[in-house]
Amino acid sequence: MENIYRPGKGTWSIISLAALVAIMAAVKSAEAIIAPFLVAIFISALSAPVMFWLTRHRVPEWLSLTLVMTGLVGGAFLVSSLIGNSLTGFSENLPTYQKRLTDVSHDWLEWLVAVGAVKETPDVKNMMNLSAALGFVGQSLNSLVATLTNMFFILLLVVFILLELNCFGKKLYVLSDNPKRTLSYFSRFSDTLNRYIVIKTMMSAATGTLAYILLIIIDVDYPLLWGLIAFLLNYVPNIGSVIAAIPPVLLALIQFGPVQSGGVAIGYVAINSIVGNMIEPKMMGRSLGLSTLVVFLSLVVWGWLLGPVGMFLSVPLTMAVKIAMDINEKTRWISILLGSTDELPEINDYEMLSAPEKAVDTPKSD
């Protein structure tokens, strides 16, 4: 009988790592195609519950799809028009804002020189460049808009994805060796992912709305623009909320002074603390948490692979991986590593140290 070589665990680890690197290189090179496709999947995940609700209430499938797509097209046109008009007005007034910010900064620095905090007044124009402060936001929005310029292609993908959802389960049933288990896995994965995306979108909408109301109360210019930016950047973990707060804080400083600017900053901190740290975790539940380190790494990795679109979708994409790993016993350990500490059972150090050692099976000698 011939001896068949069976790779060991170390060999399989190297093969898996090489495959992962190859996949990442392929995704990086195909960014222009993959980014719109992922946006289409994200939009489909938001639209599918509405379409299924309509079909359950005896609305024909073609009419349900038409209503959903009409809402998407109308919403996209409305949002793009609002952002475009606000950005145009803000760009026209940017030199005026820059001059005001320079004057305010110069007065502060002269006061610091007078009290002896600094020796000489530095170049204020280079220090307080409002255009540079807004550069990252502008570049991210421009890249996102460039992706959305393929809106026809994206909406076409959404149509086909929504049409395919009804028969996808049947295809899995036919192709699978264990249809019951496969359909159970797919149902859990799709339901959990849809729930996460819907809740995250609701929380982002709440963040943007509260930011808009705050800026309306303080009377900061272009509150709708900053509210929309707060909504969009809320999908970007860790740094998104900080970046969204910088323009309105600077604008409040230019318009009114440090008191109102501080009020805007405190308001943004309060909004993100209440919505992001209190309401959102309760709605998500323990099973939909991610480790802080994983969130940061996912932002870096997906941002490098797919640009700003990857940064916006970094948490949903990582959450999709976590959910997919969690539904299978063999890969659940990956889900545990990706998850937050809230998902772990409450075990103190004494219990860990006093836990009995696990028995290790040793091969018997002949």
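Using the three backbone atoms N, Cα and C, a Cβ is placed for every residue, glycine included.
Through the fold, the transmembrane segment (12-27) approaches residues 34, 305-306 of its own chain, all at least 6 residues removed from its boundaries and within a Cβ separation under 8 Å. What TrEMBL records for 12-27 (among others) is transmembrane segment.
According to TrEMBL, the feature transmembrane segment maps to 33-55 (among others). If one looks beyond the transmembrane segment (33-55) by at least 6 residues along the same chain, the residues whose Cβ comes under 8 Å of a Cβ in the stretch are 27, 61, 63-65, 67-68, 71-72, 147-148, 150, 153-155, 157-158, 161-162, 165, 193-194, 197-198, 201, 306-307, 309-310, 313, 316-317.
Positions annotated as transmembrane segment by TrEMBL: 62-83 (among others).
Sequence annotations record features per position, and here TrEMBL assigns transmembrane segment to 144-163 (among others).
The transmembrane segment annotation in TrEMBL covers 197-218 (among others). Long-range Cβ contacts of the transmembrane segment (197-218) within its own chain (Cβ-Cβ under 8 Å, at least 6 residues beyond either end) map to 42, 45-46, 49, 224, 226-232, 234-235, 241, 244, 248, 252, 256, 260, 263-264, 267-268, 271-272, 275-276, 279-280, 283-284, 288, 315-316.
For the transmembrane segment (224-254), the residues of the chain that approach it from at least six positions outside its boundaries are 79, 82-83, 86-87, 90, 97, 100-101, 104, 130, 133-134, 136-137, 140-141, 144, 200, 203-205, 207-209, 211-212, 215, 218, 260-261, 263-265, 268-269, 272, 276, 295-296, 298-299, 311-316, judged by C-beta separation under 8 angstroms. Feature annotation from TrEMBL assigns transmembrane segment to 224-254 (among others).
The transmembrane segment annotation in TrEMBL covers 291-315 (among others).
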